[in-house]
Amino acid sequence: MKLDTVCLHFLTVALTITNTVIWGGSESLRSFTIDYDNDTFLKDRKPFHYMAGALHYYRVPRIYWKDRMERMQAMGLNALQTYISWNMHEPQTEQYRFEGENDFESFLWLAHEHGFVVILRPGPYIDAERDMGGLPYWLLSVNASMALRTSDPQYLYYVDRWFDVLMPKIKPLLYSNGGPVVMVQVENEYGSYYACDDSYMNHLHVKLKTHLGNDVVYFTTDGASPYYLKCGKQPGIYATVDFGALPMNDTMERLEEVFSSKIKYEPRGPLVNSEFYPGWIDHWGEPHATVPAQLVARTMYEMLAIRACFTVYVICGGTSFGFYNGANYDEEKKAFEPSPTSYDFDAPITEGGDFTMKYFLLRSVIQQYIDFNLPAVPPPMPKFPYGAVSMKLIGSIYDVLDDLCKDGSNKSLYPQSFEQLGQDYGFVLYRTKVPAFDSFPILLDLTHVRDRAYILVDQFPVGILSRMDGSYAIQLPKLKQGQQLDILVENQGRICYGPLINDVKGLIWNVTMNNRTLTNWEMFSLPFNATPSWFTSAYDSRVKSSADTASQSFAATHSPASSRDDEAVSDGLEDETASQSQSSSPLEGERLDANVRALEMLARLLRTREHERSLERLKRRGETLVRPPPSLLQSGAPARAVFTQAIRYYYAGLPLPATGHPVPSFYTGAFIVPGHIKSPQDSYLRLNGWYKGVAFVNGFNVGRYWPVMGPQVTLYVPAHALKSHPQVNVLVLFELEWSPCTAADDAADEDDDGTTAEFGDGVESGNRDLTACKVEFVTKHVIDGPVFRAWDGGWYRP
């Protein structure tokens, strides 16, 4: 009996231990908890202090996940933080994608292999300067007025459905189950959101615990002030804060001040800065955001001195490939602020995987607080300058519209939004007919177009309206009944932060002409998430026949006699259009009056005697300040918007086209990776002389370019988008406003008898300078180019 009892006892103990280890019970050897008595985390019952870096799997090509993690290791970090972007994984309702670049599970297991614990932020809302804060656009297709980020039953239905798919994938990744995930965030910076809906936050917390259990630390992140924490802090969820570099002269005092907010709402437990900012967000038209490396290093040093845990947000600048960039809205300025393609963030590791001085400073700080030598720093990421690529016109948007919209168009009495059309990103071409009018000029009013509209009458460009510029109306001259009105609308990225994230795109209100509502619309969807397959196939014949030419072009570009030094590019914008422009760029030192040049364009566009007279007065006074004259300011937003556009052309050194801008068109070119390279290497696409558009490499949407607006001038082209030698790489540009392939038409807009020409009356296109019709692949990334900003009623270039 005793032997049986002993055997039974040992069997019971063995089963208990097995159950504890496998199922992550409270006695598990693998555990991660908070020791509130000693204000620290416990990993496997031992005090644990983490130093993390935020690395977003969706912003770094999969082929570089391992490389970036090795660079994090060499810096001394022991934890990795990342978001899960819902809109990447469910782009259309119940269409799930977890493969390839979206395989976050492989990303997290790779982090585990590199010895990182993982701090996971699954949303559903993440901000992260992603379109709509990571929420899928189709929520607005269901209901544009849905109360996002609240306990609205309709919103919670879709959140629950998504979590029921997502959380079973996360469960095996928990630390208690043998994976790397030790902390899971509930929502994201909810204290910044107007709703302050405690029921919603509690619902998410319960939902997460239902799927993941209690063997993981749940936390929130909010700004380091009572204003944010009063709604951000939730019962049963650990509160953390976020802040960036603090002033050099009183860092420790300020550090105690910002953490005091956390202590007020979370008195015990470790101090955590969940987003320690080494830089900040960029927006088109604003200077590149930077933070001095010394300030960042000093603040990190002081945080380590008090054993505060932190996450460098972000450790590696990434890329918002395609159309995934988000936008902000400045309530004070009433300004829409879309983010560029690059997500550099002035991070320690750049978008292309290179080190900055900030990296080495932070690495040296961390080395002082650990008792082992850090591993050697990995070598720099190789880059290759594939050189100049000649571009050829495929055709205007009208030439290829039937091919782009093989399924036809949508028709309705009133214009429909992107969301109503079931379209996530890209463009929509809206079309209707001009009704009869007795009085002129005609005011075309789009009323809150979202976001940028190209206006064409009978396929003739007549102007641009922009949410960024606050221009929603434009004056048109005499139009004839039945003329075709086209409005090409670009979605520049949905708002990702604040109360306006229900950011419906397209023509969201009725369009009027002289207060008369236009009806009977036809809409052509142009999402352009990748290059349409017919582009590449249509170009194949030309590509194959020109393969030798591409190779010869590469050799010529890289010969000693014709080599070009990237460092010689002034401000990141080398003037390749000077030879074809009427006048050289003002950046070359020629003293030209920007107001005069702008008003010349304005007079042509608006065809008004008033602006021609203003132009003459400016010429006589010889003013040089880039500021609209009073007569222009009084003429309303349409004229001011055109003036802004003209100023930007002027400072870019571009010739002023007679029509304001050419028809949006597609261009293509080909190049071959040289044979002596074992495999393709990263490069940067420089678009001197090009204005605004989208670039595709072998069908991959590299992202938006807008070098004239700044601050981003070049586009990062990762190696995985390129084909090895001797295959031909195909580049396609969708240029919206101006290309170096088209020269200005300097012909007068007036007939010999002095009357004003109407649209379509004998307007001819300009000549082409084929030598300037090119782009260039270089090894220098320019994300801090000159920009244009509104200032005191005028515009300037820093």
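Each Cβ is built from the backbone N, Cα and C atoms, and glycine gets one as well.
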Suppose you had to name the range TrEMBL annotates as region 'Disordered'; which of 84-103, 324-343, 744-763 would you pick?
744-763
Segment confidence, the domain 'Beta-galactosidase 1-like first all-beta' (415-526), expressed as mean pLDDT:
95
Do you know the DSSP helix, strand and coil residue counts for the domain 'Beta-galactosidase 1-like first all-beta' (415-526)?
0 helix, 49 strand, 63 coil
